[in-house]
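Notes follow the structure.
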Amino acid sequence: MFRRLLPLRRCLSTSTSSSATPTLYSSGTTPVSILSWGRGASGQLGGGKEERRLYPSPVAHLSLPDPGPVLSPTPGRLPDAAAGTAGGVEVGISCGLFHSAVIVDGGAWVWGKGDGGRLGLGDESSAFVPRHNPNLSELRVLALGGIHSAALTASGEVFTWGYGGFGALGHYVYHRELLPRKVNGPWEGKVSHIATSGAHTAAITDSGELYTWGRDEGDGRLGLGSGGGPGEAGSLSVPSKVNTLPVSVAAVACGGFFTMALSSDGQLWSWGDEGVVLSWGHGGHGQLGHPTLQNHRVPLAIKALSDERIVYIACGGSTSAAISEKGDLYMWGNARDCQLGVPGLPEIQPLPVKVNFLTDGDEDLGPYRVISVAIGASHAMCLVSRQQNEK
């Protein structure tokens, strides 16, 4: 039987900004880099102009004190009990629909599309290079959504900003906020974890209670029962407690039309339109990592990764990624905008492919080791470290 081959899409530009890659933070000698790739028509690649990047290319550098970077809390990831005693500077990255951000030592740099005020800089201008946001400090988590953003501070306060349609900001009103504004939720105590997606947001208190707000459309993504909220498209602008969960929640992740939560003992709960890596759902762009493009209603192991111990996973748009214990990055799914970081792929890449990194000729540094990855609609970013070679 003959099978029609999918056409290859050529990415026409691999260029980066002509200016030197900036160093955003310098307080030591351990080098860490932020790399981006894919389509950057709105500045979300951070290279200073509209471009497509075939390969992961530097956005910015960090120089950190020993023992190097400590990952900041990430939506969907259980808290690391040892993180508080590990020392080091906390670093984290996030991709929204068409904007990007990095946290370093509690401060934030943002770039990309600015309409709706999603960058939190006080206007709706786009930023094509990383800009320090002076309105944010002492951050633990920065979660970027569709046209809005959310942040969690070290003191347990939640701030949101950007487009407020569908109640995504949780401020009881539906207008936009150009600057970060505190969410005065009905919870008691501090918030310990947040997540957001296209237009809904979730927060977990230090006692394990889960609150959600934003868009629902009757698909149940808020976990508050059928019918959604009272606002437009079933939206709810007031943070509300999810009372039906019978467990204490430790981590939460928001997808486009669904929500997933982890209990402290590792139980996975999901609701909405719905070392071994499992995937399920719509597979039309190859984002499930299986040999076929079929949809799957139940979790299936990704056999192509069965020989690797996976320590980090991420999903975004129609693209997926995984990081191995060795620090290798694998990606699969929609490659239309070069967002897999591997040139020459068909538009749909159903099986995981390893992403290779171009070296800059610095022989004093060892190979790249990927620490974390984040995925937007048509672009992706990762944090990488390189150790000094012994002489």
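Glycine is no exception: its Cβ is also placed from the backbone N, Cα and C atoms.
For 32-106 (among others), the entry in TrEMBL reads repeat 'RCC1'.
Looking just at the repeat 'RCC1' (106-155), the mean pLDDT is 97. Taken from TrEMBL, the feature repeat 'RCC1' applies to 106-155 (among others).
Residues or ranges marked as repeat 'RCC1' by TrEMBL: 156-207 (among others).
What TrEMBL records for 208-265 (among others) is repeat 'RCC1'.
Look at TrEMBL and you will find 275-326 (among others) tagged as repeat 'RCC1'.
Annotation comment: TrEMBL describes 327-386 (among others) as repeat 'RCC1'.
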When only pairs 6 or more apart in sequence are counted, do the repeat 'RCC1' (327-386) and the repeat 'RCC1' (156-207) reach 3 or more Cβ pairs under 8 Å?
no
